[in-house]
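Feature annotations, reproduced from Swiss-Prot:
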ACT_SITE  D95  active site
ACT_SITE  D97  active site
ACT_SITE  D280  active site
Amino acid sequence: MHEKDLLLLAESFKRYYFEHFERIPVPDRAAQREFGYQRFGGGMVRHMRVKGSDELRLLLMQNSPSDVYCSNGIYSFPELPMSDKDWKEADLIFDIDAKDLGLPCRKDHTFRRCSSCGRSHSGDGCPRCGPGAHDQISVLCKDCIGGAKKEVEKLMHILEEDLGVGRDSVVVYFSGNEGFHVHIGGTQFQGLGSRERGELADYVRFVGAVPQAFGMGRNGAARRDFDYDDEGGWKGRLHREFFGPKSRSSVAITAAIKEGHRAFGERLKQISPVLGANIDPHVTTDIHRIFRLPGSLNGKSGLAKIPCINLDKFDPGSDACLIDSDEVQVTADMPMRLKLGGRRFGPYNGEAVSVPRFAAAYMVCKGLASAA
């Protein structure tokens, strides 16, 4: 990224933090959490202690970071190296990202940028430079966000029905790019280690299910072994998915018994991504991870990580677009349309345009424009 692009982003982000610091709540037990930040065009700074609002404001004003992070972990000494922090517990957080869903619309809003000349293209090779190194870029998509919302709802239903997690103890945040962070409140899960969190991640993803747990023995099964249609949890969900309503399940159960153990196991594997919540298990199991600070801007987009009060109506292109709207001159190379802040932009073919600062920041973050 060119120096003028870094300056544009640093100015835009700093202005946001100066004018809207009230949007960034200081986490509970902040002094026991590790903070960190990413510099524009620079490296990561970690192992910081922030005691309160004044120190957080100072960090943002002095450094104008591209990204700000805070640990889910609680430590005795958060400012020390990891081996000396003395971990106590950690918040339980799930990550759902639209790019991991494999939706068919993905190809329609993803393209490539040549690493040599910086031009955007949708083919296998750059029209100017030919085949070579490239970056893959995607922009906001209503269908992708909708798909991620469905996974959030699926996760929340599993947590509520199977584990007794009330909706009032769950906060869903838009990540600032293309996904959601689901924060689970309370103390029920905070003491879990990585192994236990891994088991929980497998559970909500419906990974590792075996036929015997659902009535299908290695040596066959009887009809009574599938009499769990009224049960809660995975048994009830699986029964409804495999066999349908009780009034019409007889034929499906007979067919499953005839097909046997191996076929039933294959069906379990196939149905796993349909019934389970598509979360990133590595995020859930990492008890030392630092997460994007709520209210802060995402350096990959210029959009904010904000809570979704009404998930169904939430529109990231509008609700999370919080940078100022004064006009900025950029040279844009964006081969598709983009809706942001209630306005439409593009397509652009290497042309000079005047756009609101929030759009300029988004396009520069994505590598779709350069400051004029």
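Counting begins at 1 with the first residue displayed.
Quick reminder: no glycine exception, Cβ is built from N, Cα and C everywhere.
These figures come from a predicted structure and were not determined experimentally.
What Swiss-Prot annotates, mapped onto the structure for a quick look.
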| residue | record | Cβ neighbours (10 Å) |
| --- | --- | --- |
| D95 | active site | 19 |
| D97 | active site | 19 |
| D280 | active site | 16 |
Between D95 (active site) and D280 (active site): CA-CA distance (Å): 6
Mapped DSSP class for D280 (active site), helix or strand or coil: coil
